[in-house]
Amino acid sequence: MNLFTSFVLLTLLILFTPIMVSNTDPHKNNKYQSYVKNIVFCAFITSLIPAMMYLHTNQETLISNWHWITIQTLKLTLSFKMDYFSLMFMPVALFITWSIMEFSMWYMHSDPYINQFFKYLLLFLITMLILVTANNLFQLFIGWEGVGIMSFLLIGWWFGRTDANTAALQAILYNRIGDIGLLASMAWFLSNMNTWDLQQIFMLNQNPLNFPLMGLVLAAAGKSAQFGLHPWLPSAMEGPTPVSALLHSSTMVVAGIFLLVRFYPLMENNKLIQTVTLCLGAITTLFTAICALTQNDIKKIIAFSTSSQLGLMMVTIGLNQPYLAFLHICTHAFFKAMLFLCSGSIIHNLNNEQDIRKMGGLFKALPFTTTALIIGCLALTGMPFLTGFYSKDPIIEAATSSYTNAWALLLTLTATSLTAVYSTRIIFFALLGQPRFPPSTTINENNPLLINPIKRLLIGSIFAGFILSNSIPPVITPLMTMPLHLKLTALTMTTLGFIIAFEINLDTQNLKYTHPSNPFKFSTLLGYFPTIMHRLPPHLDLSMSQKLATSLLDLTWLETTLPKTTALIQLKASTLTSNQQGLIKLYFLSFLITITLSMILFNCPE
């Protein structure tokens, strides 16, 4: 067991060495990128040892040796939890980061600050591993905020672009909303249970726990881009493609789902929280799948597919199947990272062109990238015996065979079908047909720094699901028998999506252009969500503030109260004092009449 914990700590320690080295010589070392890549590879090999030992012995362990601080009766220690979730996630995250870093050496080779970029990527990975291995909420919060700030720095990497700065700020602001939920939950656990250690929280499980669990759901919704807090995820595509690949596969966006997986002992008997997560996930997975249908930016389509898959993971949490949700996190990481690397290969070769309408015919020019992209799209749809099938199919089976909300199930099945539609759309537009890019474009995919990472992720997208699914302990007894129509539900919906996509593609060649329909506008404008939430409230606030300032300050005080009132008083006074017309005869006559009347009145006998 000592060897077991030592290898886990060694894995984390290895990753810190490039950070220390780069602090002494940040920009001058030309071999720093390959050094970081090799360090991550060594950490990946090291992390396989405790994972294999755990699968062999099936024994969890904790390390809580380093005492930080004692606040009254709260004792904070540096504590690592080495259970199934952390030990399985570490090799997956390290393998994918290793591949992405090698790809970055090709994609970012002309960037003058590439060493700093690699340092940021490594810090992003380290903070995620801190979050995954944390055994108390304080340590988890450090990792949670770490992935947030690193995503801000990486999304806004090209800080000279306004869109990149806006997207980075949007990501951090939406995550602040989620952080409010996590902080509220931490405060509740501290005031009611006087502890932040996970095992003590689970042991002191009180009912009801609706307030802290709702805070955790809010935190997960912010970090994992659930409906309402989702707009930052497609906007994050303004960052470099390696950042998108790392962000969407094994780091930040799955942190929210991982938080709920960590706290599933508190949620497994709470029907209210399960229903909330189920409905939230179902709405997210369908809404983002609809938004993906009409996007033309290849990275935006893949980003919306990520959000849709995160909604599916949230549905799985709502079905009380945390191990299935974790399996989908791991399998999804492989093919999603590969999809982003393939799109990065296409974008880089087409001189930073991201519009799929300006691609086409790439199956001849980029045969290896095309093969990987098609296999990634098929794995995303849950095609049998690819990686996605081993997690997506059991999730749909669990949904159809559990006592769940039929409305949520219908939304999830519809989103599953739409996944096949937008995946087929990428294949049709980007890879098939005639080339629609300039003929002078030079295309080359023969660089080993491009081929090798995609090749590794391609192997993972085919075999990783089988390997990972065979290592999951069955916590809830699965159904041994199922009706045939329920067993084939997921495959049927995927096949239906492919058929719809093929039919639409054949029909569009003969259809005349008309004005966009309302469903098309809804999908293209992202459900009017950015218009309503990003434009309307600021416009109303600014116009109301302007009117209040104009009415109260300008018109009332600065204009009406002082200048106009003073002028009016002076006008009345001058009118009153200078109201003489020069009519002397009339004045004398009035005096005479007045005097005459007075004399008559005084001299009149009584």
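Note: Cβ is positioned from N, Cα and C throughout, glycine not excepted.
Annotated features in Swiss-Prot:
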- 35-55: transmembrane segment (TRANSMEM)
- 87-107: transmembrane segment (TRANSMEM)
- 140-160: transmembrane segment (TRANSMEM)
- 171-191: transmembrane segment (TRANSMEM)
- 211-233: transmembrane segment (TRANSMEM)
- 272-292: transmembrane segment (TRANSMEM)
- 301-320: transmembrane segment (TRANSMEM)
- 325-347: transmembrane segment (TRANSMEM)
- 366-386: transmembrane segment (TRANSMEM)
- 413-433: transmembrane segment (TRANSMEM)
- 457-477: transmembrane segment (TRANSMEM)
- 582-602: transmembrane segment (TRANSMEM)
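Taking pairs at least six residues apart, the transmembrane segment (325-347) and the transmembrane segment (272-292) share fewer than three Cβ pairs below 8 Å and do not count as touching. Most Cβ pairs under 8 A with the transmembrane segment (87-107) among the ranges 211-233, 366-386, 457-477 are made by 457-477. The stretch from 171-191, 211-233, 272-292, 457-477, 582-602 with the most CB pairs below 8 A to the transmembrane segment (301-320) is 272-292. Looking at which of 140-160, 211-233, 366-386, 413-433, 582-602 has the most CB pairs under 8 Å to the transmembrane segment (171-191), the answer is the stretch 211-233.
With a cut-off of 8 Å between Cβ atoms, the residues of this chain six or more beyond the transmembrane segment (413-433) that come close are 282, 285-286, 289-290, 292-293, 295, 298, 301-302, 304-305, 308, 311-312, 346, 356-357, 359-363, 370, 373-374, 377-378, 380-382, 392, 396, 489-490, 493-498, 500-502, 504-505. Annotation: stretch 457-477 has the most Cβ pairs under 8 Å to the transmembrane segment (366-386), among 140-160, 211-233, 272-292, 457-477.
Sequence-distant contacts of the transmembrane segment (211-233) (same chain, six or more residues past either end, CB-CB distance under 8 Å): 144, 147-148, 167, 170-171, 173-185, 188-189, 248, 252-257, 259-260, 263, 266-267, 270, 273, 276-277, 280-281, 283-284, 287-288, 303-304, 306-307, 310-311, 313-314, 526, 529-530, 533-534. Panel annotation: around the transmembrane segment (457-477), residues 55, 58, 84, 88, 92, 95-96, 99, 320-324, 326-327, 330-331, 334-335, 337-338, 341, 371-372, 375-376, 379, 385-391, 394 of the same chain, lying at least six beyond its termini, place a Cβ under 8 Å from a Cβ of the stretch. Not one residue of the same chain 6+ positions outside the transmembrane segment (582-602) places its C-beta atom under 8 angstroms from a C-beta of that stretch.
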